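As structure tokens, the structure follows; a few thoughts come after it.
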Amino acid sequence: MVDEQDRLLPIANVGRIMKQILPPSAKLSKEAKQTMQECATEFVSFVTGEASDKCHKENRKTVNGDDICWALSALGFDNYAEAIVRYLHKYREAEREKGSQNKATSSQDKDEESSEDKNGQPAQQTEAPPTPVTMGDKSVTEPS
């Protein structure tokens, strides 16, 4: 049988999230953290179970973000679903940009490795280096 603590979200993480919304002088009891730990774990399990059932009916093995959004709506958590859909869209957009940046950087590195002047010396770079840009809590590199 699974140990009770192994099925719950880590209490330190739950407490940290709870403290972020409270004033700095506020305190949290152990009981409050444990209660929220149980509730949050149950909520995650409930939504994930609904999404998993949908995937099973569709003969899929992988639950994705769209399935979670669907499950939230199906369970009546439309406000959460709308917020998660927006987050998922922004996340995928940032990942696409990061992927295209990695491809561009990779091909640029290959071009630089293969480009030599007529004396066999590396060609000098004439482009400006990429400019770092912060998007939310992620940092991406944007070409100049």
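Cβ coordinates come from backbone N, Cα and C, glycine included.
The domain 'Transcription factor CBF/NF-Y/archaeal histone' annotation in TrEMBL covers 8-72. Looking at the domain 'Transcription factor CBF/NF-Y/archaeal histone' (8-72) alone, the prediction's average pLDDT is 96.
According to TrEMBL, the feature region 'Disordered' maps to 92-144.
Under DSSP, residues within the domain 'Transcription factor CBF/NF-Y/archaeal histone' (8-72) fall into helix, strand and coil as 47 helix, 0 strand, 18 coil.
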